[in-house]
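Novice: Structure below; questions to follow.
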Ligand SMILES: *Cc1c(COP(=O)(O)O)cnc(C)c1O
């Protein structure tokens, strides 16, 4: 029962938000291409594609048409004991696109759960093979793998709130991402000591996204693959952010010519339309679950797994990668980000400017007033969401040069005006 004498509090609990006196969120009414139209009549150029998902822009007619057809036929049917054409088609497509023998697709509804499934797969892989004690994951500082309890345990200790939740979730092995011979050697030593406790290494390839858009070269990944092989642990690549073109290749792992044992995908999988995620395993991982003992099966099955409408959207999105010159567009976009963001480097308070594929980052010394900076960007008519100490762009691959210039100009203007500083 509600007490009508209490003051009204917001009914919608917003993500990552202190709800006490939170600025009221803007109301989105409709989207088209790379524009978000607000209820109050304003239109914002979208620089981040709704948390990196809407890679073909909003309301792409091809995805819409395919989804509309599927909605009329069968939006959903349970996957227990049944499969359907959209999930078969999507699995065929993913297996064909992914490198090596990443041939076995397990579907969930969100990235975090896809990572949870990857963690369960890796731990049970060893149990099923009769190897005991390998219950931990090795992950890296500044990493981000999701918000559920188990995935928090493999996130950056600070951002994953490891001290607040101490004792709640399992303690993992967390290391610095190795960037040189010395740090590779210490990771090697760490693995020598702890390999009997470790089921898998998990890493975001090429870019630690939510941790601050921190890049590393492909060699880091090939060295991690070699270390995983040397110490006989599995390698999980979390390509939830990097998958589907964002770093310039369809998958980031292609740039290192490595094949992980397990890969997780979500974000741009359905072109930003509807929730879907996949955890894809190599043959040897899948085979470890084949047994006459029922207890060896993977015990996981989200109610809405492989939702037919979502699988259709994902197929339609992958059809667009085939039909339209996406990777060329990403290369062109990358070059424009390089030249267009470069002038920011000279601005006071800017520490670094970097670009990888369709990711452009301006790193500041510090963002003193995040709310002020966000508001200043909206005043410029753009939707850009700075966090930590970065202002970044991850636009739709289909963005027009004009819209991209508007985004980059807006960043330059607000940083030049010092909108990230506390007002004096
Ligand atoms: C966004 C993200 C996740 C979590 O996905 P959700 O769908 O938000 O649960 C996990 N890993 C990476 C690398 C991500 O970028």
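Glycine residues also receive a Cβ, built from the backbone N, Cα and C atoms like all the rest.
The substrate binding site annotation in TrEMBL covers 51, 144, 267, 301, 385. Annotation source TrEMBL lists pyridoxal 5'-phosphate binding site at 111, 112, 238, 302, 303. The N6-(pyridoxal phosphate)lysine annotation in TrEMBL covers 267.
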Novice: My understanding is the cutoff is Cβ-Cβ under 8 Å with a sequence separation of 6 or more in the same chain; which residues meet that for residue 144 (substrate binding site)?
Specialist: 155, 156, 159, 204, 208, 209, 210, 211
Novice: Going by DSSP, is residue 112 (pyridoxal 5'-phosphate binding site) sitting in a helix, a strand, or coil?
Specialist: helix
Novice: Using CB under 6 Å from any atom of ligand 1, narrow the binding-site residues 51, 111, 112 to the ones that qualify.
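Specialist: List returned for ligand 1: 111, 112.
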Novice: Between residue 112 (pyridoxal 5'-phosphate binding site) and residue 267 (substrate binding site), how far is it from one CA atom to the other, in Å?
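Specialist: If we compare the Cα positions of residue 112 (pyridoxal 5'-phosphate binding site) and residue 267 (substrate binding site), the gap is 11 Å.
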Novice: Cα within 10 Å of residue 267 (substrate binding site): which of the binding-site residues 111, 238, 303 qualify?
Specialist: 111
Novice: Report, in whole Å, the straight Cα-to-Cα distance of residue 51 (substrate binding site) from residue 303 (pyridoxal 5'-phosphate binding site).
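Specialist: Per the Cα atoms, residue 303 (pyridoxal 5'-phosphate binding site) and residue 51 (substrate binding site) stand 24 Å apart.
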Novice: May I ask for the distance between residue 51 (substrate binding site) and residue 302 (pyridoxal 5'-phosphate binding site), taken between their Cα atoms and rounded to an integer number of Å?
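Specialist: Rounded to a whole number, the Cα-Cα distance is 23 Å.
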Novice: If one looks at the chain holding residue 302 (pyridoxal 5'-phosphate binding site), which residues at least 6 apart in sequence have a CB under 8 angstroms from its CB?
Specialist: 107, 108, 109, 113
